[in-house]
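The next block holds one structure in the form of C-alpha cells; read it before the comments.
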Amino acid sequence: MTKKIKCALIGPGNIGTDLLAKLQRSPVLEPIWMVGIDPESDGLKRAREMGIKTTADGVDGLIPHMQADGVQIVFDATSAYVHADNSRKVNALGALMIDLTPAAIGPFCVPTVNLKEHVGKGEMNVNMVTCGGQATIPMVAAVSRVQPVAYGEIVATVSSKSAGPGTRKNIDEFTRTTAGAVEKVGGAKKGKAIIILNPAEPPLIMRDTVHCLLESEPDQAKITESIHAMIKEVQKYVPGYKLVNGPVFDGLRVSVYLEVEGLGDYLPKYAGNLDIMTAAAARTAEMFAEEILAGQLTLQPVHA
C-alpha cells in the first residue's frame, strides 16, 4: 500500500462532489474531509455515505481536526468571496491550498501549460483559474508558443444545470480571472473572456470557442501541429476534450472550436466544465503530493 497524502474539500456543490470522485481514484491523494455550511446538502450526505468525515460548520469546523488527521492539501470549491479567509486559516496550519474559485490570490495553474513551473517554488496557494480557462488557455498557449498573439478571446458555453449557486455568484470574477490568465498563462498580450449559461433542455455539452488575433501572418502548418499536440496533452487527464472544428484561419485570426464531455462522475456527461476543472485540480495536487512523498517538499505554516 503506497502512502497517500490526506486531503480535505471545502464546498460540497457540483465541483466539490465531482472532485471527490476523482480524488478517490488517485494513487497519491486520499480525501478524508468534506466541509460545507448546510447540514442538509446533497454533497455532504453523499460524502458521509462514502465514509468521508463531514462538517456543516464551514472551514472553522475543519481547522481543529486538520493536524490530528494529517491533512496536508485542501481544495476550496466554494466562492471567490470567502476564499481568502479559508486560505489564510488553512495555510496557517501548514496545509497547501488548491483554489477552484476565481479568487486568484495565488499563481494560476493550467497543468498542460505551466504545471512544471510550480515545482520547487514552495507555493502554499495555487489557483485553477476557471472551467472556461482550463478548457481554452491550452489552445491560446498552443498558438502563442508558435508566434505572438496580440489578442485572445475565449467564449465558454456551459449548461445552466451544471452552474450551481457559487458559479453564478462568481460570474464577474470568472470573466476577470479567465481574461487575466489568457494573458499570463496563455501568452496573449490582451485577453477577454465571455461565459454563457445555456438553459436548454436537455442540457448541452460544454462548448468553447477560442479566437487568437496574431501580430503577423499565421504559420498555418506549425499552428495546426501545435494545437493537435496540445489537445493530446489535455486528453491525458480529460479524455472527453475534443477539437470539433479548426484551427480555422481568416487573415490574422485563428479560431478553434472545442467540446468537452465529462466522465459523468457526479453530473451527467454534458457537464464537461466540471471535469476539466476537477481533473486539472487533482492533477496539480498529485504533482505536489508526489513532491511531498519524495521528500522534496516540506509544507510550512504561513502566518498572515
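Think of each number as a place in line: the chain as shown, counted from 1.
Each residue, glycine too, has its Cβ placed from N, Cα and C.
DSSP classifies Cys131 (active site, acyl-thioester intermediate) as helix under the three-state reduction. If you draw a 10 Å sphere around the CB of Cys131 (active site, acyl-thioester intermediate), it holds 30 other CB atoms from the protein chains shown. For Cys131, the entry in Swiss-Prot reads active site, acyl-thioester intermediate, with the evidence type experimental evidence.
In the three-state DSSP classification, Ser162 (NAD(+) binding site) falls within a helix. Swiss-Prot lists Ser162, Ala163, Gly164, Pro165, Gly166, Thr167, Arg168, Lys169, Asn170, Asn273 with the feature NAD(+) binding site, giving sequence analysis as the kind of evidence.
The site 'Responsible for governing aldehyde substrate chain length specificity' feature in Swiss-Prot is assigned to Ile195. Ile195 (site 'Responsible for governing aldehyde substrate chain length specificity') falls within a strand segment according to DSSP.
Look at the Cβ of each of the binding-site residues Ser162, Asn170 and count the other Cβ atoms within 10 Å; the largest number goes with Ser162. Secondary structure from DSSP puts Asn170 (NAD(+) binding site) in coil. The Cβ of Gly166 (NAD(+) binding site) lies under 8 Å from the Cβ of Gly11, Gly13, Ile15, Ala77, Thr78, Ser79, Thr101, each of these being in the same chain and 6 or more residues away along the sequence.
Long-range Cβ contacts of Arg168 (NAD(+) binding site) within its own chain (separation 6+, distance under 8 Å): Leu197.
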